[in-house]
Every structure is written in structure tokens, then in C-alpha cells.
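*Asks:* This is the structure I have questions about; it appears just below.
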Number of protein chains: 2
Amino acid sequence: MKLLEEKILKDAKILDGNIIKVDSFLNHRLETDFLDKLAMEIANYFSGKGINKILTIEASGIALAILTAVHMDNIPVVFAKKARSKNISAKVFSSKVESYTYGKFYNVTVSKEYLNSSDKLLIIDDFLATGFAMEGLIDISKQAKADIIGLSVAIEKGFQNGGDNLRKKGFDLLSLAVVDSIENNTIIFRHL
Amino acid sequence: MKLLEEKILKDAKILDGNIIKVDSFLNHRLETDFLDKLAMEIANYFSGKGINKILTIEASGIALAILTAVHMDNIPVVFAKKARSKNISAKVFSSKVESYTYGKFYNVTVSKEYLNSSDKLLIIDDFLATGFAMEGLIDISKQAKADIIGLSVAIEKGFQNGGDNLRKKGFDLLSLAVVDSIENNTIIFRHL
């Protein structure tokens, strides 16, 4: 998506360790009209596919998910919670996820009340790098016997392979921008 | 707001300790069209007051905040982060907040890049009980020398006094529903 690529080139900061900092518009300060355009793009791509629920993860997936839901006939959104506790309630689906940035493990949990086998899911997040968080959401969806119709993220870091692994497994993954590499502080996008 | 009161009576669960569980529509599963109606009510109430930014806190304030922002000419939203770390960067405004539910302290932080003295803020959260989280957001706003035009929450637990304390301090607080007491598992609302 050209709009997002231009925005990244204009506003993103590149930190040590190939971290792309986009907290000026995507995950700390939220640029409402811009996020709404991303949401519309996602909604258009997945329209007509029978999706009846969006699954995302706290905190920075929530804004993009709810705006997308508005453009998909106001379908509900469920956001998974991150729990550090070792004691996970029997009332939730949970999946253990490694945090690449922090090197720690956390549990992604969703109440069993809010995911079930009649769900046709679109899973949304702001970022996809290793794909560990997305794999956790997929694991939970499978535990609930829900159908996963598609996955979407704003920014995929192509060089960390999470997205390619998901595509190889057959998932319909829409990444609005794919960063293929960062060379000398310059971001190179992937185009198919 | 009658719509929210009816929804609470219909869908909320009352747990031990006077906890009102509304995660079926407000803070785990998000009922998109319903939240959008709450957002419209907030936007209407504060329209024409020169608000140029919404401040909220992760995770469950984000959905209501971004939907309200859409109805306020797409103004930006900044969501404060919750940090447990004792080492807080000099690049953020931070305020120490007690979690009433968990009895622990955490820091509310916002990057200094995203709040400043030209801001006219509406502060939004899903719940207001003791008001500790809201006080943290107010503290941060004052550190940034921003103007606080108003505060809004979906549900105020009137019997925990956080809302009344804020009103006494002169804040324009819009609570879409105020629960005054819970008696024999029945929720009693406050009406002015």
C-alpha cells in the first residue's frame, strides 16, 4: 500500500537492531484518519468472505481492529490479553508466546465465551516480524475450532520471515507494507 | 445514558467484591456498533470545545477513544502505556498509579513527543472507580502543561468516589452510566 510506505519513509525512525519505530502514528500516538484509511483497505480486501469477527491482541492491535470492524458492518472485535501469570484459568484459551523484543515468554489468552466454532475470523495486528504473536492467536483460534479466513497487519518485517512462514502454511495474509531490508538507515520495501 | 444502562442490566455480570464484569461488550469482546454509539454521545457532548487530542490508557480505553476521535474530526489519540519497570526513561512523562484490583503500583507513561502545551485534551477511559488511573493521566497532562477540557468514561462506579472527587476539583466529567450501588446483585444507577 503506497500510502503506508510513504508514511513510513516520512515518519518512521530506525533504531538499533533494525527496530522500526512508528509510534508517531501507529502504536502510541494514533493518527486517526490515517489508521482509518488502513482499516478501509483491509476491510475492502476481505469483504464478501463471510468474516463475522475480528481477533486482535492488546494493546496496539486494538485501534486498527476496531476501525476495520466499523468498515465490515460493525462486526465484533475480541482482543486477546497478555498474561505473565503461570496460573491460567480454565475459562480461557491460552497460548505461550515468546517476545522477540524482550526475550521473555507471556501467555496470550481469550475467554472461551468469546471464540467458538461458528466464528469466521480475521486476525489483525499492527506489526508482524517473527510472527510469534500471530501464531499464538492462530493457536487460540484453532483451540476454539474457529475458521481463520485471513490475517492482516499494517507492517510486516519481511526479513524476519514470520510472514513468509504463514504464507507457506496457506494463510491469506494481507500486509499493508512489507519491509524487506534496512540498509544504511534506508528502508527497502518488498513489491510482488 | 439510557442505552448503556439497559445494556449493563442486560449483559453485565456482578462478581464478588462489587466487580461489574462487562467484558462481553466493553473490554474484551468489543461490540463495535454499540461502542460507536457511546463514542458519538461523548463526541456530541464535547463538540465545539476546541479539543484537539484524546488521551487514553492501554488497553481497554483505546477502542472507545479511537471511535470518539473519528466523530471529532479525526483528531489524534495518544494512549498511555502501563510500565512496571522502575527505570523510567527521561523521554516520557510518567505518573505512579495504584491498581485497586491488584493492589500493586505501576507507572503510566507517555512519550514527551506526543503531549505538549498546545494540547486541549479529552481524557477517555472505559471505567472509573477509585479514579487512580484517571488521576495519573491528569498528572501527566499537567506535566506536559496541556489543557484538560474534559474527561469521559463509559461506566463510573459512583460508590468508589473517584468521579465525585474529580467533579469537586472542577473537572467536566461525562460518565455515560453511573452505578451508585449494587444491592442483592441488583445494580442501582445514579440519575441527577
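Cβ atoms here come from the backbone N, Cα and C positions, even for glycine.
Got these off TrEMBL a minute ago, pasting:
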type	residues	note
DOMAIN	B:22-158	domain 'Phosphoribosyltransferase'
BINDING	B:ASN27, B:LYS157	xanthine binding site
BINDING	B:ALA129, B:THR130, B:GLY131, B:PHE132, B:ALA133	5-phospho-alpha-D-ribose 1-diphosphate binding site
*Asks:* When you measure from the Cβ of B:THR130 (5-phospho-alpha-D-ribose 1-diphosphate binding site), how many other Cβ atoms are you left with inside 10 Å?
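*Replies:* So the Cβ neighbour count for B:THR130 (5-phospho-alpha-D-ribose 1-diphosphate binding site) comes to 18.
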*Asks:* Taking the mean position of the Cβ atoms of B:ALA129, B:THR130, B:GLY131, B:PHE132, B:ALA133 as the 5-phospho-alpha-D-ribose 1-diphosphate site, which residues outside that list, in the same chain, have a Cβ no more than 8 Å away, listed in sequence order?
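*Replies:* For the 5-phospho-alpha-D-ribose 1-diphosphate site, the extra neighbours are B:VAL97, B:TYR100, B:LEU128, B:MET134, B:GLU135, B:GLN160, B:GLY162.
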*Asks:* As a test of reading the model: what is the averaged pLDDT for the domain 'Phosphoribosyltransferase' (B:22-158)?
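*Replies:* Summarising the domain 'Phosphoribosyltransferase' (B:22-158) by its mean pLDDT gives 95.
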*Asks:* How big is the gap, in Å, between the Cα of B:GLY131 (5-phospho-alpha-D-ribose 1-diphosphate binding site) and that of B:LYS157 (xanthine binding site), rounded to a whole number?
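*Replies:* If we compare the Cα positions of B:GLY131 (5-phospho-alpha-D-ribose 1-diphosphate binding site) and B:LYS157 (xanthine binding site), the gap is 10 Å.
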*Asks:* Relative to the Cα of B:LYS157 (xanthine binding site), which of the binding-site residues B:ALA129, B:PHE132, B:ALA133 has the closest Cα?
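*Replies:* Comparing Cα positions, the closest of these binding-site residues turns out to be B:ALA129.
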*Asks:* In sequence order, which residues at least six apart in the same chain have a CB under 8 Å from the CB of B:ALA133 (5-phospho-alpha-D-ribose 1-diphosphate binding site)?
*Replies:* B:ILE57, B:VAL97, B:VAL108, B:ASP125
*Asks:* Measuring CB to CB from B:ASN27 (xanthine binding site), give everything in the same chain under 8 Å that is also at least six residues away in sequence.
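*Replies:* Expected: B:SER60, B:ASP126, B:PHE127.
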